[in-house]
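Visitor: Straight out of Swiss-Prot:
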BINDING   Gly158, Gly160, Lys161, Thr162  ATP binding site
REGION    1-84  region 'Domain I, interacts with DnaA modulators'
REGION    84-113  region 'Domain II'
REGION    114-330  region 'Domain III, AAA+ region'
REGION    331-454  region 'Domain IV, binds dsDNA'
Amino acid sequence: MLTGNEVWVKVQQSLRGNLSKPSYETWISPTTFCNFERGELTLLAANDFSSAWLTNNYSRAIEEAAEAVIGESVKVIVKVKDDIQKSEASLPPRISIPAFHPPGDSKKTDSKPALNLRYVFNRFVVGPNSRIAHAAAMSVAEAPAKEFNPLFICGGVGLGKTHLMQAIGHYRLEIDPGAKVSYVSTETFTNDLIVAIRQDGMQSFRDKYRAADLILVDDIQFLEGKEYTQEEFFHTFNALHESGTQIVLASDRPPNQIPRLQERLISRFSMGLIADVQAPDLETRMAILQKKAEQDRVRLPRDLIQFIAGRFTLNIRELEGALTRAVAFASITGLPMTVESIAPMLDPNGQGVEVTPKQVMEKVSEVFAVTSDEMCSSSRRRPVSQARQVGMYLMRHGTDLSLPRIGEVFGGKDHTTVMYAIEQIEKKLSTDPQLASQVQKVKDLLQIDSRRKR
């Protein structure tokens, strides 16, 4: 029987043959074995960033390689070398909330979804854009159902609504570990309702949602047009409010701007406090970057912080994503963390990057886990066709190839097929966050590859 370290050696050998040489040498080779127990393979990365990158981008490939070696399911955990105890001690304890299981489902294990460990008040940067929402969140966390009930937090994507909501939950459970805190998305509420109806479990559904001491409901705008869900939510809201339960709701817009929302729900959502979260100003964006850099133990020069904060203005998620990409770029290329070095990577349009069709194919293949041969084939499997379309889109925007020439690269496809692919990706980028993230990842890899070869 192989030891854990021997398993990792064989996994590395497998990945060396499946990944590009730069990817293997940058991420897999420096990673060391820590422990293998009860199906969990624990690895050690050099720093916080490497740990996060491995987890987000290579954990599935490692798990598949390990499963091929030992013939059993494997879960990969990546920790930080020489800093495990410190990093674990710096985080608050994981807080679990019981999951809903309808009648007849008792054989299923409780999956215990948890509040995000990072969404606590001391990690939230307060600025003029969020001062009222933050103060209101603190108020209901300290004294639920006393002043603002419900608390309705609204604002655009990535501005911190979910962070504030979950921070309230963490705070309450820290004060009262026995409190019944329920954090749920509107989609989950709807899905639970559908399951309860199908399995004749409405009483269990109501008991589950109405037993909470504090209920946090995210993305309430998705109640739009769901008449039966709105009906049930109305009665749930009333029962909770009358029993003195604190209700916190979050939406991308105020109640009166949610289309096809019942007037009685609009009235109830508006009876407490509506706290708006706006996009952060320059000073707040700089403070957010500085705080994240400190949390990740990364030293950033002030002019680089100001450059990133001035370039990414829409929301916090975009801002922090830019910082993550900048740190990755500097880490992989070995370039200093300066505006001059980082600016090309943060060009949202990828301008100034010269790439070849071969590079595009390699990076798309790496990110989408589809081979170049598959992309050049006539396969219509969704993973293959999507990777092919992304490749065509990136070749159009990153090389000087004509549409017919791009079609030739992809196995002799017609130029109209290339045009259609480009149009499809351009449409999906604004509506499919996962695809947008994958495309951005390919662009980042192309940036890194391009700079390496200069």
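Keep in mind that glycine also has a Cβ here, set from the backbone N, Cα and C atoms.
Structural setting of the listed features?
Guide: Following the DSSP three-state reduction, the secondary structure of Gly158 (ATP binding site) is coil. Long-range neighbours of Gly158 (ATP binding site) (same chain, six or more residues apart, CB within less than 8 Å of its CB): Leu314, Asn315, Ile316, Arg317, Glu318.
Across the region 'Domain IV, binds dsDNA' (331-454), the prediction's mean pLDDT works out to 84.
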Visitor: When the region 'Domain IV, binds dsDNA' (331-454) is classified with DSSP, how many of its residues are helical, how many are strand and how many are coil?
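Guide: In the region 'Domain IV, binds dsDNA' (331-454), the DSSP-based counts are 82 helix, 0 strand, 42 coil.
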Visitor: When DSSP states are grouped into helix, strand and coil, how many residues of the region 'Domain I, interacts with DnaA modulators' (1-84) land in each?
Guide: 46 helix, 18 strand, 20 coil
Visitor: Would you please pick out, from the binding-site residues Gly160, Lys161, Thr162, the one with the fewest other Cβ atoms within 10 Å of its Cβ?
Guide: Thr162
